[in-house]
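Undergrad: Attaching a single structure in structure tokens format; questions to follow.
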2 protein chains.
Amino acid sequence: MVSARTSSDPARDIPEATVARLPVYLRALTTLVDAGTSTCSSEELAQAAGVNSAKLRKDLSYLGSYGTRGVGYDVEYLRYQIAREIGVTQDWPVVIVGIGNLGHALANYSGFRSRGFRVVALLDADPRRHQEAVAGVVVRPFADLERIVEEQDVAIGVIATPAVASQDVADRMVAAGITSILNFAPSVLAVPDGVDVRKVDLSIELQILAYHEQRKSSAAEVIA
Amino acid sequence: MVSARTSSDPARDIPEATVARLPVYLRALTTLVDAGTSTCSSEELAQAAGVNSAKLRKDLSYLGSYGTRGVGYDVEYLRYQIAREIGVTQDWPVVIVGIGNLGHALANYSGFRSRGFRVVALLDADPRRHQEAVAGVVVRPFADLERIVEEQDVAIGVIATPAVASQDVADRMVAAGITSILNFAPSVLAVPDGVDVRKVDLSIELQILAYHEQRKSSAAEVIA
DNA sequence: AGAAGTTTGTGAACGCGAGAACAAACTCGT
DNA sequence: ACGAGTTTGTTCTCGCGTTCACAAACTTCT
Ligand SMILES: NC(=O)c1ccc[n+]([C@@H]2O[C@H](COP(=O)([O-])OP(=O)(O)OC[C@H]3O[C@@H](n4cnc5c(N)ncnc54)[C@H](O)[C@@H]3O)[C@@H](O)[C@H]2O)c1
Ligand SMILES: NC(=O)c1ccc[n+]([C@@H]2O[C@H](COP(=O)([O-])OP(=O)(O)OC[C@H]3O[C@@H](n4cnc5c(N)ncnc54)[C@H](O)[C@@H]3O)[C@@H](O)[C@H]2O)c1
């Protein structure tokens with residue numbers, strides 16, 4: 001049989017830098033749709049997304065030719081195409097492990113649902129957390145992980161445990177069949193090939209800011 | 001007068017990619033110190049930080065020559081040098097604006113203090129939040145921003161408000177004298193030159209994972 | 001002291017991403 | 001129908017970051 005992929009969707013590999021920007025474009029387009037805009041130019045969209053218009057056009061060109069020269073892009077249509085390319089036209093089931101300070105905030109976060117994700121389970125090792133419901137989802141024992149992942153076909157896991165527990169949690173997730181992990185713990189996770197890990201690290205972000213802040217002060221000193 | 005900078009600290013500009021990794025090295029070194037390690041090779045440290053050893057050595061070479069050939073690095077000494085380079089040998093005062101779900105988690109986060117930052121104020125526009133204390137710090141009116149920034153000489157601000165409010169908050173922060181912003185709201189902030197903005201965006205991270213996850217599934221289909 | 005072994009620091013090659021610049025393709029007015 | 005104006009898609013160039021590979025510098029053993 002011939003490949004099921006359409007001509008507009010060959011298995012081309014989109015540069016990683018572009019992939020990281022597509023969600024930004026998606027959000028900018030959603031904002032435009034909500035504002036009732038039906039068409040926009042690369043210049044307008046680029047401004048809304050905070051990037052250079054040449055870069056935007058180049059990024060979009062990896063997806064296909066969805067614009068019209070002399071006119072611009074159909075906002076609704078482009079939004080759907082990007083959502084499809086990212087894979088958020090349907091909801092992805094997600095489990096969150098570690099329902100402490102941060103886990104609670106994540107579980108309460110309404111932006112999940114509206115952006116292509118659905119929290120199907122909240123897990124914690126501490127029995128005192130169990131039975132509590134956060135945003136309508138009950139906190140369950142960590143031991144339930146394997147069953148939930150299998151039953152609900154979960155591919156994405158979020159780790160919000162202390163750093164010391166994060167590698168163990170990741171190992172269990174991978175063994176259970178999870179292949180994408182978002183790690184909020186300040187740790188470096190080791191995972192097998194084929195498993196993607198992204199990390200969100202507050203301290204690192206602040207320290208990067210601190211570095212530049214320090215340079216600003218010393219630059220000021222030189223002038224003074 | 002001759003420049004106050006020492007020969008080991010010329011105003012060389014460290015590549016941005018390296019700056020982003022220094023905090024990772026710092027954390028790995030702190031872990032090693034806690035484990036009682038006194039010396040380590042670039043290979044060991046690179047493994048702990050999750051990077052290639054050649055990259056680690058090149059990164060460190062921008063700071064100076066702090067290793068000993070044939071031996072490796074003195075863990076404690078290197079840790080101090082990196083902390084000094086980043087600028088976290090003293091604490092930076094930080095204000096957090098928007099004490100909702102996420103703001104509470106951030107305010108309760110103990111990792112701030114241990115990594116070079118000190119939360120000096122929690123601000124929220126909603127009067128019902130005021131007077132509440134989170135981790136020993138009282139939530140105060142957003143209108144207090146200017147006074148606090150001036151009195152405590154705050155350079156770094158964290159935004160944890162809804163997206164619609166984030167630009168207004170950023171404008172007020174900049175006007176008050178803040179020059180580094182960490183933005184948790186899903187928005188693109190416009191700020192003047194000289195002000196640094198970094199963003200942490202949960203949805204973007206998840207969507208990047210979703211993109212790769214989708215590719216994994218379609219790759220599996222091709223095989224099947 | 002000297003040879004063998006170890007590990008750092010860096011020069012050089014390579015690949016990817018950013019941005020400028022322009023031809024192609026479309027709309028609109030006449 | 002045709003020219004003027006607009007905006008996309010793409011080519012080309014440049015700079016940055018990654019990685020390899022190796023000389024320099026140190027330790028250890030004989
Ligand atoms: N709170 C923040 O704003 C913040 C910011 C940045 C990073 N972090 C990081 O996020 C993580 C969580 O932070 P927090 O403030 O929510 O901590 P927390 O201590 O409040 O919550 C951690 C939760 O994980 C659970 N847990 C511990 N071990 C577990 C295991 N093996 N399996 C399942 N659950 C387990 C605990 O029972 C607890 O409920 C930490 O690694 C922290 O460094 C937090
Ligand atoms: N909760 C999460 O896990 C999470 C995850 C990712 C991103 N975010 C983003 O972080 C932000 C905060 O999320 P949240 O869940 O804490 O929301 P939230 O509604 O619980 O809290 C927002 C807080 O900001 C305050 N606020 C509103 N306008 C303000 C203003 N102009 N000045 C000062 N304070 C103001 C509100 O009073 C409220 O207390 C949102 O932009 C959200 O999209 C949250």
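Using the three backbone atoms N, Cα and C, a Cβ is placed for every residue, glycine included.
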Undergrad: Quick check on the annotations: TrEMBL lists DNA-binding region for one of A:24-63, A:64-103. Which range is it?
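TA: My reading of TrEMBL: the DNA-binding region range is A:24-63.
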Undergrad: Going along the chain, which residues at least six beyond the ends of the DNA-binding region (A:24-63) come within the CB cut-off of under 8 Å?
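TA: Sequence-distant neighbours of the DNA-binding region (A:24-63): 12, 14-15, 18, 71-76, 78-79, 81-83, 85-86, 88.
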Undergrad: DSSP secondary structure for A:Gly98 (NAD(+) binding site), reduced to helix/strand/coil, please.
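TA: A:Gly98 (NAD(+) binding site) sits in coil per DSSP, no helix or strand.
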Undergrad: Measuring CB to CB from A:Gly100 (NAD(+) binding site), give everything in the same chain under 8 Å that is also at least six residues away in sequence.
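TA: When sequence neighbours closer than 6 are ignored, A:Gly100 (NAD(+) binding site) has A:Asp124, A:Ala160, A:Thr161 within Cβ distance under 8 Å.
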Undergrad: Name, in order along the sequence, the binding-site residues among A:Gly98, A:Ile99, A:Asn101, A:Leu102 with a Cβ closer than 8 Å to any chain B Cβ.
TA: A:Asn101, A:Leu102
Undergrad: Who sits close to A:Leu102 (NAD(+) binding site): which same-chain residues at least 6 apart have their Cβ under 8 Å from its Cβ?
TA: A:Ala160, A:Phe184
Undergrad: Let's check the environment of A:Ile99 (NAD(+) binding site): how many other CB atoms sit within 10 Å of its CB?
TA: 24
Undergrad: Can you tell me how the residues of the DNA-binding region (A:24-63) break down into helix, strand and coil by DSSP?
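TA: Per DSSP, the residues of the DNA-binding region (A:24-63) fall into 28 helix, 2 strand, 10 coil.
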